[in-house]
Structure formats: structure tokens, C-alpha cells
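Q: For reference, the structure I am asking about is given below.
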């Protein structure tokens, strides 16, 4: 810790506690502080943030349990807004909502999170190998790359000039350094020289700057068939996953964190179960990234503010997460951030609002709920980063929403749906049938289709768009036919309609259903997705032709190849092209036999 | 000597205002002494300059403002714990009520606990065999899980909970095991059912009971589950025992919380429950789990009755978002005579995937589980259709599924409260039932398991 920091951390006594009500504290004598400054409360030095100022009375939301505090105790100011530390050491770490490293706290304090614990957010002692890129004499501005650090085998951190700084490089370092040691000296325009360490601080509530936003145009491949095929998300896109409990929101989020083709994953567990974070912590180091072959943990940052941890820190956790995501975006990475669940974040907002005795909006939520949601999601996007090399970076944001009773007419769902472009609506009835992922194909949508179908047509198969359209059509027809069946029975349908029902069933069971816990089925490449889907639809198309040629319906619906089609999802990627060719030729052969046999029967 | 305040100014419902106080801390325990020497307890809910708002734990009946004295005790509400608590019965505030000797405390623990570091948690992955097929086979319970029973008035959740408490075991282990039972506002009869069942089976020796009955003060209920869980934490993490905590009925707990919130005139969330109900419930449920390097574990089975059987009611709804699944009881199945009436489709255990499979239960467990679920769902659909259109309207496949669904309820789910099935028996019944369907329908099971386990001939009807 530098001297300046220590001073700031120690702070000046500025105020005195007047009132304590749960996580909200009111202090007097606070005329000199600014809104959203961080303060330390009482001799226990609990971390708090100023959220309201009236005269010299400040309302402070405290990020730790306030039991045992009382009027008369001191409040110290730090003079700084709530900030995150950005430097090598972020990847593979697990932080709480205000970026305290939980692993370090565990080693130091044991299995409970004690109050007022003071540990540096990032490791101050670890030495990183700094490789300079900039040279002495270079004129640099904010965002330009000074050098790089190989943080994990999967991630090279670009050490950038802080966005607010520009000048000429006077000196640059090469070799091992801690994050606080200077790695460059920059002479500013006014002639002063500043030492730049790798460590940067950034206030969490302020978006990091970029040059300009651009419209997303390439898909983020997730390996989840229902998502990539029917409701794809773009790199830099925003999506929401609402669903009642037990519909698999968290599994969807985990699957995306595992298999999405992003360079960096920031996973924010916001007011959710502790065991889910443990699951990620234990599973991710074991799982391999399908693209790099390295453990998934080598590209992951975890923020965990579980439901039993203090509620105010839950409010901050979302901002901490997105600021870290922006830092990696600024290096030119494609980042994906998962927030599970934004409803818990909104509840934290509601709780603080209630304690501030603000006039409530709908269902007790504060009136500014939807603007806060919009602010958060708008920090995602595909951008031209600042810095001279013209790199681009992206943040894709995926927020889970937990609507009470699964009813999406409530304020958090509605506030979210107005902003996001992709909606993966989870349905309880699919979940009861153990159809996972329980993404309801009739209710969900993606507004990125136009922009990224081109990509699939160009890179995967030219008939991609057509197949997707056909699939949606069959599923749509199924829902209409089902209604007829419910009224008058399946016998009332013509054979072609019954074949459509069979095809829809195959699409649902053999294609859209995907087992996240099966070693092969958990990830499907777009090429395999195309192979599977086109086989099902080819069977359907040929079946329609066969019916025209008077082949009995039962023969088409009872074809032997169907069992193999049903098992295509379990074929490993490496064997797939060959097996696909076999299945296709068997399919053709069986149809030839059928139509010949069929005409004999007739 | 602590200061005593005779400045109680207001008593409104469960809340009391004391003025002119000094040095009072948030969440501090308060003792109120009346003129006749009677003691009551409360805690500080809010402290504003020299005014302390106190929440009474024991109701305000008979409280006289004029001559009562308030003493602030300088610490939060605590439970005196000791290994001798096993086999004892306490009231909702942790005082012995079984006429036994006083507990000589090993420790005084704050009943609110403190949040567990997610980095310190160990992932629950040890299979607990409850002997109930619908749970073991389809919604597997593991050590350290919190798995509530969603019930309704008149449903036999007590029988099921008692059956689990009686039969639960981890196979091949003889580690110390205990049950902590918290009665939260339930009737004497229901509490008596549990106590007699524990007595009958000898489980009482390794049980600790906390009783807040329907006629005990409602606000006390806010402390009762915390007392129980604090005791469980001591047994689990200090004494290394595997503890099963049964909390019944959480609905009464939430109502007590609502009462206090309403008295404070807080802005209500849904149905008048406070906006922090989720956070508050999480502070109970999240205390289940395992800790790295500690031998013990806490498994929670909270029971809650859903008002009007409505699972979108805030209490079951928020519970479902925190707990790792739920066991849902169904009135319809009960009417059909299925016991226990577990509706497996909306039931769920989120942690089952880590607790089943090779080396834990059996390799084919996951696949057959998925197949049973989807077959039963399809069978139920088919039966519904048959109700509207008549059996004849079903296709041959659907007829098989309908038959499967009927047999599934009769043979798999309905086993009575005294049958204790091993996991192998449960899996075998599953395979017998699946053999009703043609092999080509069993798409969710790997070929190798079909070859190995699928009975060659359809099982004879029993």
C-alpha cells in the first residue's frame, strides 16, 4: 500500500453516527463529503457508501452487518468513490460484491466472513513479468498499451495507460514487477512526470470510456442448440433469462459461462446460493475450454455475493462486475458477463429505498428501478476501444431474472424486457417434463437474427437461415395442431399433419433437449447443430413426399433410422462428420426401400 | 451494574420505544423487568440518537409502561450450547422445558450467525438414502442440502418428514448423526406427533427439540429457527456431527415477520410481506451446508404450508429461489390414495447430479431418472387427453404411456410411511416400470445401460 493510499484508507474523522437501522446508517457532521464517497464506519471500520446528503446529515449504506453499532460512534471519510482495482490478478479470483478476495479472507479469517476485515483487493506481493510494448519517446494517450503481462495461459493482460492520462514515455520497465511498482514514467503536456504502475482504480458507478459503439454483427456461439439455432445472441449483445424457480436459470447461466466463445467470463452471483458459487469454483478448474483446451477457470472472474451476505454489497456487486468486464473489453477482448440474478439486485435496491423512506413505485420498488437497469445493460455493447491501435472489444451481458411466481408482468422483468434484445423465457411446464434447457420456443425471441444469420450462412452452411425458418414453422404448426388434437383427438388429423407432429416431437426431443450434464451433449458446435437439424428436416421432407407416394403413415413414423436420429446428440464431435454421412445414406436407403415397398403395398 | 431505563414511552403491538438511552447498540438484547419481577426479552431494531425501538420477543400483554424497566445487555441474542443438548426439549427461546437439569454451556453463540464464505464451502455431494423412492430415485437428497417440503393444510408433510428423519442414512458410514427439530407455531398435536415418533423409534436420544407452539407468542417465532440452526451449527462444526434440521412451519415464521414489519409501518412488498423477506429467509436457509475441512454437515428440511396450495405465494416462491429444490406434495395424489403423495414433476433436487451415479448410487441412475421423468410427464398428458376424448382416441404409444403413469404412481411413488427402500430396490422398480415401454422409446438412456439393466421381458403385473 502506498503512503497516499494508507492515508486515504485511514481517513479523517468527519462525522458521528446518529441512527442505525439495519444496513442504513445516518451520520451527522458530514457536510464535507460527496455523494457516493466511501466511508469507514465506527472503530470496526465497516465499509459504507454515502447515498443521500441532507445538510450535514448523510445516509450511508453499509456493506457489512451493522449489529453492535450505536449512536456516537465515529465515521471516517476516505474521500474516494467506491472503486475497483484493475491489474493482473483478477482472473481466477473470487471476490465479494465490493471486490474483497474471498479466498484470501478464507485463509486469513476462517470460514466465516468477519466484519471490518481489511485485505488488499488484489495481491500486492506477487510479481508479474511485464513485457513492454511502448518505447521511450512514444506519445501516448489514454488507453494506449504500455506493455503486456501473461496473466494466465489463456489471458494476456494489456497494461494500458489510464483513460485520463496522456503524454510521452520517458522511461519504461522490462521484467518482473508487482502491481504497485512503476512500470513507466509519462511526461505530461504540462511538463510534470508521473509514474505509472500496473494498478489502476476506477469508480464502479462510472462507465469506462470508449471511442464509439458499433452495432453487433457476429454471434456469440454458446454450443447450446436452442440458443445458437433459434435465439442467438451477438457478441456485445444483451439478453435476459427470466423464469420461475426450478426452471434452470442458473444451469443456463453456467452453461453459457462454460461454453460461450468469449475471451473472458465475468460471473456475478448476486444474492444467490452459496453452493452454486462453490460449484463453479470446483467445476471450472476441471473443465476445458473447447477452443483453447485450457481450464475454463483460466479465463474467469467470479463475483460472489450470496444471499446471506450483506444486502448493500449485493447492490454494488453488479457494478463491480461490469467495471471489471469493461477493463478487459478495453484491452480488445470479447467479454461475457452473467448476472444471476438481477431480481435480487433489484430487491437490494428496494430494501435500501424502503429504509430511506422514499416514495415507492410499483410493488415497493423505487421509481428509478428501470433507469438503473437500463444504465447497467447499456454498459454492454460492441465498441471501438480508446487507444491508437483501433482495437475493438465487446461485452455481452446476460441477466437472469427471477420473477415472483414466474409472472413476468412484475417491474424487474418489465424493466429488463424493454432493454434487452434477446429473451430466453424459461417455462415451468417444460421444466416439469425435464425438457432442459427449458427455453420456451414460442415465447422467446432474438432480435439479432437479421444481423448474425449472415454469419452462420457464410461460416457454417448456406441453408442455415432456411433451416431455422423451417424449424420455427414446424414448432409453430405443432402448437396449433396440438390444440385440435386436444379437442377432437389425433385421429382427426390428416397424415401430413401427423407427420408434422412427429417432426416437431423429434425437433423437441432429439434436438432442442440438451443434457448439460452429459459429457458430449453439453456442447454442440454449429456444424454439428446444422448436421443434426438438416437430418431431421430431411427425414420430414422426404416423409411428406413418401406420403404423397402413398406410403402408409405408420411406416414413415416407424422408420428404423429415427432411433439413430434420436441419438445423434451423443455422437462426439470428432466422429460426427463420418457418422452423419452414414446416417444420411441409411436414411436415403430406407426411404428408397419404403417407396418401392409402399407402391407394392398399394 | 448496567443502567436501567424507566423511560419506556410506547408499546405498540410487538414494538416498544425507550427514550433517553445512552450507548445502546443496534441489534442489542434488551431485558424488560416488570414491577412484579417478571422478565421479558426484546432486541433493538432501530436506534436513533437517544431513542431505541425495541422488538419484544414475547408479546406485550400485561406490560405496564409506567413501572417497567428496560436493561440493555450489551450483546445480541445468544444461545447457550453444549453437547448435552441432545435428547432435550427447549422452548422457542432456548430455555429447557422438559424439567431436566439446566444446560451447562460450553459456549454462548450469537443466534444470527455470520455469513459463510463461499470459498470455504464444500460442495454437497454425498448421497443420503431416505428410503423414499420418489426422493432417492428422482429428487435425490445430499448432505448439506436444503430441501424444503411444500405442503398444504391437511397434507401429510409431518408423516413424510418423520419418515425421512427416521430412515435417512449415508450408506456405509457410521458417522455421528443428529436431528434438530424446530416447531414454529404449529399445534400441540402436530408437535406431539413428532415427539412420539422420535420416542417410538428411539431417535429422541440424538434429537434436540425447540418448541414454539401455536399459543406461544408469535414474535418469538422469529428467534426459534435461529436457535435451532445455531444449535445445529454447534453440533455439526464443533462436534463433527451430521445434522438434519427440520423446521416446521416456515409460513408461521414469515407471518411473524410480517407482523413486526407492519407494526414498524414499513413499505410492504407482495401481499404485505416485507421487501426483505427473501434476504431474511436466506439468512436461515443459507446456513445449511458443508465447510471444507470440517467433518460435520447441516442438511435442512424446512416445511411450509402453501396458502391455498398456491406455490406462487411469496413464501413458497421466495423459498424455492433460495433452497436447492423442493419436494411438492399433491392433494390429488393423496385423494387417489398415494402415500406419500409426492408429485415428482414439480419436485426437484438441484444437487442430485453431484450425488448420484457411479460410486455414489449406480451408473444408470441419472439416465433412468431422466427417462422416468419424461415418461411420467408424457403419460400424464396422455391420461388427461383420455379423460376428454376417451381411451380410444389415444395412439398405441400413448396408451402405453398412460399405463406407465398409472403404474408409476402405484408402484414407485406409493410406498407407505413405513417402507424403507434401498436405492437398488428403487432403481429396480424404475427399470421394471420402464419395461412397459418399447426400447426405442427409451432415448434418454445410454445403450450400454439398456443392455445391462433393462429386464428382457415386460415385468409381470403385480
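Heads up, the Cβ atoms here are built off N, Cα and C, so glycines get one too.
Feature annotation from TrEMBL assigns ATP binding site to A:243, A:244, A:245, A:246, A:247, A:248, A:249, A:250. TrEMBL lists A:17-79 with the feature domain 'ATPase F1/V1/A1 complex alpha/beta subunit N-terminal'. Residues or ranges marked as domain 'ATPsynthase alpha/beta subunit barrel-sandwich' in TrEMBL: A:119-205. Per TrEMBL, domain 'ATPase F1/V1/A1 complex alpha/beta subunit nucleotide-binding' is recorded for A:223-446. The domain 'ATP synthase A/B type C-terminal' annotation in TrEMBL covers A:454-548.
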Q: At a CB cut-off of under 8 A, do any of the binding-site residues A:243, A:246, A:247, A:248, A:249 come close to chain B? List them or say none.
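A: Of A:243, A:246, A:247, A:248, A:249, the entries that lie near chain B are A:246.
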Q: Count, for each of A:17-79, A:223-446, A:454-548, the Cβ pairs lying under 8 Å from the domain 'ATPsynthase alpha/beta subunit barrel-sandwich' (A:119-205), and report the range with the highest count.
A: A:223-446
Q: Per DSSP, how many helix, strand and coil residues does the domain 'ATPase F1/V1/A1 complex alpha/beta subunit N-terminal' (A:17-79) have?
A: 0 helix, 36 strand, 27 coil
Q: Report the member of A:243, A:244, A:246, A:248 (the binding-site residues) whose C-beta atom has the most other C-beta atoms within 10 angstroms.
A: A:243
Q: Determine which residues of the same chain, besides A:243, A:244, A:245, A:246, A:247, A:248, A:249, A:250, have their CB within 8 A of the center of the CB atoms at the recorded ATP site, and list them by sequence.
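A: Same chain, not in A:243, A:244, A:245, A:246, A:247, A:248, A:249, A:250, Cβ within 8 Å: A:402, A:426, A:428, A:431, A:438.
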Q: Ranked by the number of other Cβ atoms within 10 Å of their own Cβ, which of the binding-site residues A:247, A:250 ranks first?
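A: Ranked by Cβ atoms within 10 Å, first place goes to A:247.
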Q: Sort out the sequence-distant neighbours of residue A:245 (ATP binding site) for me: same chain, 6+ apart, CB within less than 8 Å of its CB, listed by position.
A: A:402, A:406
Q: Please spell out the DSSP helix, strand and coil residue counts for the domain 'ATP synthase A/B type C-terminal' (A:454-548).
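A: Across the domain 'ATP synthase A/B type C-terminal' (A:454-548), DSSP assigns the residues as follows: 75 helix, 0 strand, 20 coil.
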Q: Within 10 angstroms of the C-beta of residue A:249 (ATP binding site), what count of other C-beta atoms is obtained when all protein chains are considered?
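A: Residue A:249 (ATP binding site) is surrounded by 26 other Cβ atoms within 10 Å.
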Q: For residue A:244 (ATP binding site), what is the secondary structure by DSSP, using just helix, strand and coil?
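A: Its secondary structure by DSSP: coil.
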